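Student: Below you will find the structure I want to go over with you.
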Ligand code: ATP
Ligand code: MG
């Protein structure tokens with residue numbers, strides 16, 4: 001049998017943790033041994049970091065796989081864990097959120113204030129008839145009310161479904177209908193790219209087709225004129241006038257906490273269901289372990305939108321359950337100038353920064369002079385999530401943001417996993433640029449071949465999870481069959497008819513390899529793997545080779561049908577700001593890049609064709625949508641573009657393609 005996925009890229013750089021961080025790390029290497037010795041006892045101890053109203057009777061019930069129950073019989077309130085217990089411990093005056101609006105307005109919200117606001121919102125939602133188990137859709141910009149709305153739902157046991165504020169009325173309609181939401185929480189609008197961007201008209205359009213919606217709560221942010229109907233209530237007239245007293249009632253550990261739809265990079269979005277006790281246990285523990293968060297001294301900033309799982313787990317539930325002080329920013333990174341992020345780091349003395357490879361590569365494109373213009377010396381730890389981070393982008397991040405000294409945690413996880421699964425521990429791991437390294441303590445991940453057999457070191461294949469984990473998805477909302485089909489039917493018991501005795505294996509949908517030391521490298525989506533002359537080549541390795549050329553900031557590659565090789569590699573590359581790409585210089589750069597890839601990875605990976613483009617098609621969460629580029633490369637009409645960030649990008653690319661240079665050997 002041929003290899004499942006070729007291992008072409010060889011990276012030898014390695015960076016040990018800074019000595020001081022290692023000496024004071026929240027989590028040390030012992031955690032791996034403890035978890036290996038008794039995984040369930042390990043997770044039980046992490047659950048003990050939270051406040052429970054009723055102790056669980058059983059850590060894990062896995063008697064009806066793939067449907068898991070964690071901390072069976074236990075009861076807790078998520079909002080109590082994120083707010084009340086900090087206030088009760090005397091930390092009410094501690095800042096929870098330093099909020100920065102895009103126009104430069106700011107709010108400083110303490111734990112006591114966040115608690116009061118959440119109690120008011122819980123009372124207001126209750127007055128509108130929302131009960132435990134009801135669904136509430138949240139469609140807000142990045143304002144503190146987004147966190148308040150989520151916490152208020154959690155407080156009363158309502159299940160929230162946050163829909164990213166950039167989505168269209170259709171996307172919002174589908175999500176409201178799928179969850180049959182009773183209430184929608186929105187705003188008149190938010191600020192994006194220097195101007196107000198309306199949200200309420202989109203909600204009006206959606207709600208007209210959503211008979212389940214009884215009430216719409218509207219936060220006033222921009223002050224722009226909005227249409228008004230009998231279902232609408234202003235937040236400031238409803239929530240901000242409600243009582244600030246609210247006793248949080250405990251809920252079962254398996255009570256539904258939220259539904260969140262995946263980004264839609266590969267397929268129709270899936271409504272992922274997360275529950276209460278296991279989810280909070282793992283998001284809280286991983287915030288403590290992976291970011292080495294010290295609530296007394298750190299200022300943490302996750303740049304994700306609250307509408308994505310990263311915002312749920314690492315803006316709201318993880319940091320707040322740990323009592324962190326964090327920054328929340330409303331707007332875009334280039335408003336009013338391309339140094340806005342670095343200005344914010346300096347202004348709030350941010351110590352921990354968690355962002356996405358797409359942002360790092362954009363910063364590379366803009367040039368290192370921009371971060372160099374700001375004082376970033378407060379930073380002590382950097383994180384990355386969302387896509388594989390190309391080794392060169394990792395090095396750039398460490399060099400130009402991290403002053404050449406900071407550790408980087410490359411965290412692999414999914415909406416489905418709820419929390420980080422594979423990542424360095426910053427005080428323990430000698431990180432390699434581009435590798436997520438090892439499964440966290442308590443997580444059992446592996447790379448397997450077509451047959452579900454573990455691949456040896458040096459081999460490539462499919463990323464799987466061999467044991468259930470506390471923050472795992474419980475199902476796809478309303479679609480148990482799709483849940484089983486998508487994640488549990490490729491390998492293990494679910495593939496072989498579910499015979500007892502056989503193990504259930506979770507299929508993540510991502511390609512991966514183990515390097516010679518057994519460290520894990522993510523290689524992109526299984527759906528995107530290219531089959532060139534009988535070799536399975538990952539998109540990530542070819543993209544990383546392109547990005548390692550000094551003239552390239554970002555790249556996407558796809559396999560296009562080819563009469564001789566089956567599939568041929570077609571690459572789209574965004575040049576760095578300084579690169580000369582006009583006329584003959586552009587032709588020369590393309591020739592250089594093809595040779596550079598062949599030299600780095602071997603002749604098999606040499607792209608047939610390279611296009612220099614100004615932008616790439618991305619989802620609204622910033623991930624490259626290769627399936628659309630495949631449509632372009634094969635001259636097909638485009639597939640589903642509803643989750644595409646900016647549709648004009650496709651026109652730009654397609655027009656370049658038709659007149660494009662097919663630089664055949
Ligand atoms: P859909 O499942 O609808 O296609 P999606 O997979 O983009 O959407 P998310 O749950 O937001 O939705 O993304 C999870 C995916 O992001 C992972 O499966 C993986 O492909 C990628 N990813 C996230 N973090 C990393 C990382 N550190 N390294 C490599 N890939 C990552
Ligand atoms: Mg996915």
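Keep in mind that glycine also has a Cβ here, set from the backbone N, Cα and C atoms.
The structure displayed is predicted, hence computed values, not measured ones.
Pulled these from TrEMBL:
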DOMAIN    30-82  domain 'Acetyl-coenzyme A synthetase N-terminal'
DOMAIN    89-469  domain 'AMP-dependent synthetase/ligase'
BINDING   192, 193, 194, 195, 310, 533  CoA binding site
BINDING   386, 387, 388, 410, 411, 412, 413, 414, 415, 510, 525  ATP binding site
DOMAIN    541-623  domain 'AMP-binding enzyme C-terminal'
BINDING   547, 549, 552  Mg(2+) binding site
MOD_RES   623  N6-acetyllysine
Student: CA-CA, which of the binding-site residues 195, 388, 533 lies nearest residue 552 (Mg(2+) binding site)?
Tutor: 388
Student: Would you mind pulling the DSSP three-state label for residue 192 (CoA binding site)?
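Tutor: Once the DSSP labels are grouped into three classes, residue 192 (CoA binding site) ends up as strand.
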Student: Secondary structure at residue 533 (CoA binding site) (DSSP, helix/strand/coil)?
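Tutor: Where residue 533 (CoA binding site) sits, the three-state DSSP reduction gives coil.
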Student: List those of the binding-site residues 386, 388, 415, 533 whose Cβ lies under 6 Å from any atom of ligand 1, in sequence order, or write none if there are none.
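Tutor: Near ligand 1, sequence order: 386, 388, 415.
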Student: DSSP-wise, what's the residue breakdown of the domain 'AMP-binding enzyme C-terminal' (541-623) into helix, strand and coil?
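Tutor: Helix (H, G, I), strand (E, B), coil: 29 helix, 27 strand, 27 coil.
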Student: DSSP on residue 310 (CoA binding site), three-state: which is it?
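Tutor: Note: residue 310 (CoA binding site) is helical by DSSP.
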Student: By DSSP, how many residues in the domain 'Acetyl-coenzyme A synthetase N-terminal' (30-82) are helix, how many strand, and how many coil?
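Tutor: Within the domain 'Acetyl-coenzyme A synthetase N-terminal' (30-82) the tally stands at 22 helix, 16 strand, 15 coil.
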Student: Can you tell me the mean pLDDT for the domain 'AMP-binding enzyme C-terminal' (541-623)?
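Tutor: Within the domain 'AMP-binding enzyme C-terminal' (541-623), the model's average pLDDT equals 93.
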Student: Inside 10 Å of the Cβ of residue 193 (CoA binding site), count up the other Cβ atoms and send me the figure.
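Tutor: I count 11 other Cβ atoms within 10 Å of it.
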Student: If I restrict to non-local contacts, at least six residues apart, and a C-beta distance under 8 angstroms, what lies near residue 192 (CoA binding site) in its own chain?
Tutor: 102, 141, 331, 332, 335
Student: Can you tell me how many other Cβ atoms are located within 10 Å of the Cβ belonging to residue 194 (CoA binding site)?
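Tutor: So the number of other Cβ atoms within 10 Å of residue 194 (CoA binding site) is 13.
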Student: Could you tell me which of these binding-site residues, 195, 525, has the fewest other Cβ atoms within 10 Å of its Cβ?
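Tutor: Checked 195, 525; of these binding-site residues, fewest Cβ neighbours within 10 Å: 195.
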Student: Would you count the other CB atoms within 10 A of the CB of residue 386 (ATP binding site), including those on all shown protein chains?
Tutor: 22
Student: Can you list, in sequence order, the residues of the same chain other than 547, 549, 552 whose CB lies within 8 Å of the CB centroid of the Mg(2+) site?
Tutor: 392, 545, 546, 548, 550, 551, 553, 555, 573, 576, 593, 596
Student: Out of 547, 549, 623, the recorded positions in the record, which is closest to residue 411 (ATP binding site) when you go by Cα distance?
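Tutor: Smallest Cα separation from residue 411 (ATP binding site) among 547, 549, 623: 623.
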Student: Rounded to a whole angstrom, what is the C-alpha distance between residue 193 (CoA binding site) and the residue listed as 'N6-acetyllysine'?
Tutor: 20
